[in-house]
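Under the heading Mg(2+) binding site, TrEMBL lists D453, D459, E462, E463. Annotated domain 'TRNA-binding' per TrEMBL: 40-147, in sequence order. Among the features that TrEMBL reports, domain 'B5' is placed at 401-475. The domain 'FDX-ACB' annotation in TrEMBL covers 705-798.
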Amino acid sequence: MRVPYNWLKEYVDLSGISPPELADRLVMTGTAVESVQTLKPSFQQVIVGEIKEMVRHPRADKLWICQVSLGHRPATIVCGATNIKVGDKVPVARPGAILQGAVLEAREIREVKSQGMLCSEAELGLGEDQSGILILDPSCQVGLPLDEALGLRDTVLELEITPNRPDCLGLIGIAREVAAIFGRPLTVPSVNVEEGELPASHWIGISIADSDLCLRYSGRLLQGVEVKPSPLWMQVRLGAVGLRPINNVVDVTNYVMWETSQPLHAFDYGKIENQQIIVRRAREGEKIVTLDGVERYLESEMLVIADAHNPVAIAGVMGGVETEVSENTTVTLLESANFDPVSILRTSQKLGLRSEASNRFEKGLDPNQSLYALDRAAMLMREVAGGTILKGAVDIYPRRLAPWRLQLRPKRVIQILGCPISKKEIKAILGSLELEVSGEEPLEVTVPTFRRDLEREIDLIEEVARLYGYDKFPSTLPASSGRVGELSWEQKRINLVREVMIGCGLWETINYSFTDHKSMDKAGLKVADPRRHSVAIANPIIEDFSILKTTLLPGLLQVIEKNCRVDKENVFIFELAKTYHPRDGQDLPHEPRALAAAITGLWFGRFWSEPVRKVDFYDLKGIVEELARALDLQEPQWLPTSYDPFYEGKCAWVEIGGERIGIAGQVHPLVIKRYEIPNEVFAFELDLDRILALPTCQKEFRGIPRYPSITVDLALIVDEEVNYLQVRDVIQTGGGKGLKDVTLFDVYRGRQIPEGKKSLAFSLTFQEEDRTLRDEEVQEKVDRIVQELNRELGAELRSR
C-alpha cells in the first residue's frame, strides 16, 4: 500500500512529524513499512508564470511574443501555442532549466530573443498531451517552483498491510491509525451530493439474485458527463501511488478506492441492456472480454454483474470492455458493492486475474462504507466531469451488518500486558480508534463494522498494547514456580535426529505446509500416485498454496533449485515436518511427521588437499545408517524398488527390524532437468513417527579385549544380482560367535571377472574373549564360510 505523505496530510495533521518519524511510529504499532521513497519530478528550475501580454511575432504569423511575469521581473518568451491567453498561469522554463534530460538555453527565434520556454504536459513528463501549453490552476502563486506548486515533491511510504486489516488499504484507514498514534484529530472528507430532480430508480433497476455472494450493491447515475483527461492534481496523486491515469471518470473511481479502500466501477449507461443490473452467478458457457482485452470463460460459481442478457463485469475483479467508459460516454452508472471475499479470491485465482479491486475484496471489506464511497465518487465526478447526479442512490442491502459488542476487563489487560495501564488510558486508546466504550467493570466496547478483526477480548488487549507502546513495557522476568521444565522422551529423540542431520553436514530448511498440483507434476509424481490424493485449501492465499503437502521431497527440490540459480550448487539440506493425508469419512487429515533430506554437488567442495568428489548414493545411505546408530536402532536394510521421483533401479525401501520406514535413492534425471539442477540429486524421505516407535537395541558394555584378533581378507566372485547384505549374512552365520566384524572394502568388475559377475572383497576379524585363537581354528571357520557361500549363493573364491 503506497501512502503519499502530502495526500495523507489531507486527513490528519502531520505538522512536526517527518516521514521517517512517521514510518518509525507505524512500525512500532504493528504496521510494517517496507520503504520510504522520495519522489522528484524529471524537470528542474521550472516556475509558475503569468502571461501579461501577447503580440504577434513580426516575422512569423503563427508565433506569439509573450510577456510573462515570473514574480520578480518579466520575461520575453516566443511561443507558437494556440491555447493560451493573457491572464493564464503557465509553466515557464528559464535558461538553465532541465527538461527531459537536456539543459535549456536562451536563443533567438526569427530575430527575437526568447528568454525561456512555455511547457506542455509532455515536455514536463507529467502526461502525454503535447497539443498545447499546460494551463495551471489560477490559484497557483506566480514565481513558485512548479514542483512545489503542483505538489510533485513528495515522500511515499510503502506499507505492508496484513490480511486482517483491509480498512488500512485506504488512506483514510491509515490516517485513522496515524491520528490514534499521535493523538491528533481525523478529518474525513465530508460528502454533500447535489442531486437533480430526476429519480435514479426510474432509470436503472438493480437486483441481487445471489445474496450469499453479494452483501450489498449500490449505484448512482450521472447525466451529461464529459469524459476527458483528469485535472493535473488528480493525475499527480494517482501517479504517486502507481496508478496510470486514464480519464476523469475512471480516475475518480481509482482515486476514491485509494482514499477509502472501497473499489468502485463506472459503466457506460447507454450500453447496459434494458437498463437493468443483475448480480448473479455466471451460467455455464458464458464468456466476457475484460478491460484488458482478454476473452475469459466463466464457471457457474463465479459471480458476475450482468445486464438483461449478458455479463458486463466479473464481480470484484474486472469490468467488461462492452460497457467501458469512452470519450463518447455521456451517462455513467457508478457502482459500489460488497462481495463475498472467498468467492472473489477463487474467481481471481481460477482466471489468473488480479487487480487492486480483487486484492481488497478478497480480504473482506465493510459493507457500511460502500455508500459513503459511492457518494464521494459521485461528488468528485461532478466536479471534474460535470453533469447532473440523479436523485437518490439505488441501494440494495438485504442483510445489514451491525456493530457488535465485546467486554473488556481492565484487570485482565494489566494481567496480560504486565503493565499498570489505567482505565482512563484504556478508554482513551480505544476511543482514538473509533471504538465506543461504556461501563466500568467490565468495559462495554462497541466495535465499528470496519474493524472485523476485533472478535474477542484478547483482540482489544492487543489494540491497547500496540497503541500504548511496546517500548513502554518494563523488562521483567517471567513468574516461576521454581520447578524446572523437562523435555519429553519424544522431544529429546527429535532433537537428537536434528543433531545427527546437522552433524552429517546438512542444513535444516523450513518450508510452507502448502503446495499445489503443479509442484507435484514437476516432481514427477504420477496422477495415480497416492500422494496426489491431498487436502484442498478452501480459501488459499495464492494459487501456489492450494493444497496441503503429502510429501516433503518437492519442497526440498525447490530449495535446491533456488540455490543453484544463485550458483550455490553444493547443497545438503533436510526438513523435519508434518505431511497431511485425507482420511475417508473424517474432516481432519492424518498428519504423520516426516524426515526428508536431499544432497547434491561436491561433498567436500573444492579443497587443495582433497580430491574432488561428487555425492553419491552411499553418502545418503551413510546418513541413514548414522541416524539409526544414534537412535540405538537395528541396522537399516535396503530393498531395491521403483518409486517416483527416483531413478528406476537406483532407489530402495528402507527397513529396520522388518518395519518399512521410508524410501531413498537417486532423483530421476528428467525431474532434475525440470528443476534446472546441474548435478545428480540423492534424497530420502522417512516416516519419523514409525522411527520413533521402533524398539531400541539394548546396549551391552564389554571390557577391552585382552586377547589379539586375527584379520582375514576374502575375495569372492558372485552373480551380479547378489547384493552385499546377502553375502554378509551368510558370512556372519558361518563365522559364528568368534567373528567380530565383517567389512566390505572393494567391489570390482572388469578384466579377469566373467560377464554377469562381480568381485566382492571382505575383511573378516576373528577374536575370542577367553583365549588366543590359533591359525588353524580361523582357517576352519573361513573354509566353512566359503562352503556356505558356495552352497547358498554360488560364490567362488577369487584366485587372482
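Each residue, glycine too, has its Cβ placed from N, Cα and C.
Remember, TrEMBL labels are computer predictions, not curated facts.
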Binding-site residues compared (D453, D459, E462, E463) - highest count of Cβ atoms within 10 Å: E463
Reduced DSSP assignment, E462 (Mg(2+) binding site): helix
For the domain 'TRNA-binding' (40-147), residues assigned helix / strand / coil by DSSP: 6 helix, 52 strand, 50 coil
Residues within 8 Å of the D453, D459, E462, E463 Cβ centre (excluding the Mg(2+) site residues themselves): R451, L454, I458, L460, I461
Overall pLDDT of the domain 'FDX-ACB' (705-798), taken as the mean: 88
D453 (Mg(2+) binding site) in three-state DSSP notation: coil
